[in-house]
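> Reproduced below are the annotations present in Swiss-Prot:
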- Gly113, Ile133, Gly134, Asp135, Phe136, Val137, Val138: S-adenosyl-L-methionine binding site (BINDING)
Amino acid sequence: MLIQAVTIFPEMFDSITRYGVTGRANRQGIWQFEAVNPRKFADNRLGYIDDRPFGGGPGMIMMAPPLHAAIEHAKAQSSQAAKVIYLSPQGKPLTHQKAVELAELPHLILLCGRYEGIDERLLQSSVDEEISIGDFVVSGGELPAMMLMDAVLRLVPGVLGDMQSAEQDSFSSGILDCPHYTKPLEFQGMAVPEVLRSGNHGLIAEWRLEQSLRRTLERRPDLLEKRSLIPKESRILNKILQEQREIQS
């Protein structure tokens, strides 16, 4: 997989290309990265790529021509079709399912905005999709781009040492993950649940599923509304709801 970022701050991506599982996978050649600086495509000696907005208003707007040239340069680096994504609070929310879809693609180009935004004509002519990482504003698209990259890359075969880790993460099954424990057996008066030390894999799997459903019901009930539960999950969830009704009565 080739991922390119159109950014005026290429060095920011060192954290994902050099460190952790994504850095290791990059060194192993499982995925490749290139930062494309649109300043190199500016039509002025000083490398300006922004200007004041028509109609007035605060801040500066990134200009379409240098960004378009940077995107076209990025596309030319691969013979495979590229999907151009603009990281924007106006985009559709990034979900696990979207990350799964993007992990199947051979070439992604991530457009990282700065200042007050990007000329709308560039978005209409050169961007395939806008994606948001949440309903809040950050200073630029670089951090959202790296969050998207991490979410996508961990789903690419070979990036994680054990793909089961990705399969069991929160959201991969549509519900939140269960609690996890390791040594010591007791910490500040809190002991590891007995069932996890029982060696009974059936009971452990049942406990973990129940804890996942409890946590999802408490913290993200909206996820349960979107999910079609299998009979085993419905049975456990009904048990949890019955317990809650008894406590409230």
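Each residue, glycine too, has its Cβ placed from N, Cα and C.
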> I need the least crowded one of these binding-site residues (Gly113, Gly134), counting other C-beta atoms within 10 angstroms of each C-beta.
Gly134
> S-adenosyl-L-methionine site residues Gly113, Ile133, Gly134, Asp135, Phe136, Val137, Val138: biggest Cα-Cα distance, Å?
16
> Please identify, from the binding-site residues Val137, Val138, the residue with the sparsest Cβ neighbourhood, meaning fewest other Cβ atoms within 10 angstroms.
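Among the binding-site residues Val137, Val138, the sparsest Cβ neighbourhood within 10 Å belongs to Val137.
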> Just how many other Cβ atoms lie inside 10 Å of the Cβ on Asp135 (S-adenosyl-L-methionine binding site)?
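Within a 10 Å radius of the Cβ of Asp135 (S-adenosyl-L-methionine binding site) lie 7 other Cβ atoms.
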> Sequence gap of 6 or more, C-beta under 8 Å: which same-chain residues meet both conditions with respect to Phe136 (S-adenosyl-L-methionine binding site)?
Pro89
